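Colleague: Structure incoming, see below.
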Amino acid sequence: MSFDALLHAANFSTLFVCMVLKFPQIFALMRAKSTAGVSLNSLLLEMVGFIVFVTYQMYYDYPPPTYLEYPILIAQDAILLLLMLHYNGSLRHSLIYAALFVGGWRLLTVEKWIVDLAMSLCMFISAASKLAQLQCLWRSKDAGQVSALSWAMGTYTCVARIYTTTVTTGDTLVLVRFIAMTLLNLWVLLTVLYYQRHGSRAKKED
């Protein structure tokens with residue numbers, strides 16, 4: 001496979017996977033009508049990280065194929081957030097979150113140093129979102145409604161983006177972020193699989 005063909009394959013496979021990445025998690029919540037095991041703080045931090053990342057890429061006119069999936073992921077996270085607020089009985093808070101996210105996004109592009117600073121912190125924000133989900137799992141010792149498939153697809157997209165970033169922009173901040181996110185996504189995935197397997201064994205023994 002030629003260099004260009006491999007790059008296109010990585011870009012489009014990432015975009016395709018991201019178009020459905022959150023669907024397994026969305027369907028899991030809708031079936032159970034419960035948010036057990038899914039961390040609201042993790043979701044909010046993830047959305048912040050996505051907004052910062054896509055804003056940074058657009059601000060510096062990076063090639064759209066390298067970040068096109070992020071608006072799609074933000075939209076899916078917004079649906080997840082609404083579902084979680086609905087099942088938690090706090091849907092009225094959605095307007096507050098919407099105002100904060102839109103206001104924060106506008107603030108990012110006011111000055112160059114703001115978007116640069118936000119991007120330098122983006123890895124820590126995104127890492128905090130994964131650690132919040134891990135903390136939720138460790139505390140409950142139950143995967144609840146957490147979708148392992150969504151986390152597996154998330155891991156794949158980060159691996160693909162390590163390659164596309166390396167051969168296109170070579171941006172160190174972006175590359176380090178994707179490496180860290182790959183490791184953390186994999187950690188969450190393995191934790192979810194562990195608790196799902198442990199829960200299945202416990203049910204069989206009962």
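Don't overthink the numbers, they just go from 1 along the chain as shown.
Any Cβ shown, glycine's included, is placed from N, Cα and C.
Automated prediction, rather than curation, is the source of TrEMBL annotations.
Note that the structure is predicted; figures quoted are calculated from it, not measured.
Reproduced below are the annotations present in TrEMBL:
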- 6-30: transmembrane segment (TRANSMEM)
- 42-60: transmembrane segment (TRANSMEM)
- 66-84: transmembrane segment (TRANSMEM)
- 175-195: transmembrane segment (TRANSMEM)
Colleague: So which residues does the transmembrane segment (175-195) touch in its own chain, when a touch means Cβ under 8 Å and the partner is 6 or more beyond its ends?
Modeller: 53, 122-123, 126-127, 130-131, 133-134, 137-138, 141-143, 146-148, 151-152, 154-155, 158-159, 161-162, 165-166
Colleague: Determine which residues of the chain contact the transmembrane segment (6-30) at the Cβ level, with the cut-off under 8 Å and only residues 6 or more beyond its ends counted.
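Modeller: For the transmembrane segment (6-30), the sequence-distant neighbours (Cβ-Cβ under 8 Å, at least 6 residues beyond its ends) are 38, 65-66, 68-70, 72-73, 76-77, 79-80, 83-84, 87, 145-147, 149-150, 153-154, 156-157, 160-161, 163-164, 167-168.
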